[in-house]
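What follows is a set of notes on a single structure, which appears directly below.
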Amino acid sequence: EDDFQFLLCEGCQQESPNLKLLTCLHTLCLSCLSENKPIGQCPVCCTAIPQATGVPDMDNLLFTNLQARLKVYKQIVDRVDLFCDNCRKSGEFWCSECFEFLCTKCFEAHQRYLRWESHRAKRVMDIRAGSAKDFLEGIRRAGSLSCSNPDHKSQPVSIYCQRCEKALCCSCALLDNQHAPFCDIRSETQRRQEELSSMDRELRRRRSGFEASYASLQGEAARLEEAQREMRELIRQRAEQLVRLIRREEEELVGLVEARQEQGRQELARELRHVEGVLRRMEAGERLVEKMSLYATEQEVMDMQPFIKSSLLELQGLQPPATGDQAEPGPFAECRTRLQAL
C-alpha cells in the first residue's frame, strides 16, 4: 500500500473516485475543492484555478483507473466476492479486457468467442501469487485505445490523425477524407511519453534554480529577523540614556522598526510562498510524469498528455525571483538616521 500512496487526494489524503487534476498538477478530490478557502486557489500551492467554479475540468484518469484496478487486485487477494459476473458461480479467472470474473465454464466460452480479439483471461490464483505491480503491468499491456468515433468503440485502433489529434480505426481513416496526414498510433503514444519525459528532465534541471532562490530567501528572512533584534536592542540602550523629554521619540522609533520589519517579513513571506508553490508544482509534475511512465495505458497517455504538457510548459516558463545579498536589510536605514540625529 505504501507504493500507491500517490493515488490519494493530496488535500485530505483519502481515496476518492472523483479526483481532479489541476493546472499546477496537484490532484484533489471534489470534497477538498468544494471546501477550499479561498475558492479558486489550489490549497497545496495556492496556484489559481482558471475555472470560475473552482473545480477543474480535467479528471485524473490515471489515478482513478489505477484505484479501480487495485480494488480488483485487493478483492482477489482478500478472496472477497469472487463470483462469475455471468452466472454467479465461483470466479476462477479474470479478464482484463472485459474487467470481469469468470467461472471455468464461462471462461471456456469466453476463450472460444473472443480469442481473436486478444482477450487474455488469467487464473485468479496466478494473480494472487503475483504482486500488485505485476497485476497492473498485465493490464497495461492488455490495454487498448478506442476510436474517437463513438460508433466505432469496438473497432481496433492503430492510426493517429495528426490534423485532428485523435486515434482512429481503419474505417474512419478510409471513409473520412478529412483525416490526414496519418501515423502509427503506437509511435504517437511513444512520442508523447518521450516528450513528457524530456520536459520532466528539463524541469528537474530548472528546479535547482528555484531551490537556490528559496534557500536564499530563507536566509534573507533570518537576517531580517536578526537585524530587527539588534536594532531594537540598540534603540533600547540609547533611549535609556535620554531624559524623559524624549521618551516619545523612543516609542516612535520602536514602532517604526516594528512596521518596517513587518513590511519586510510580509514581502519575503509572499516570495517564499510563491517559490514554495512553484516547487510543489514541479514535484507534482515530476511525480505525475513518473507515474504516467510506470502505469499509464495508451488511452490515458492520449487523454492526459496535452493537458500535462500545457502545465509543464507553463512551469518551464517560470523564472526564480532575483535575490540580493545585503550586509544588512534596508528597511531600518531611516531608523538609524533618526537615531543618530537623536
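Cβ coordinates come from backbone N, Cα and C, glycine included.
Because TrEMBL annotations are produced automatically, they should be read as predictions rather than curated entries.
Annotation comment: TrEMBL describes 214-259 as coiled coil. Annotation comment: TrEMBL describes 9-45 as domain 'RING-type'. What TrEMBL lists as domain 'B box-type' is 79-124, 142-179.
DSSP labels the residues of the domain 'B box-type' (79-124) in these numbers: 15 helix, 11 strand, 20 coil. Look at the domain 'RING-type' (9-45): DSSP puts its residues at 6 helix, 7 strand, 24 coil. Taken together, the residues of the coiled coil (214-259) have an average pLDDT of 84.
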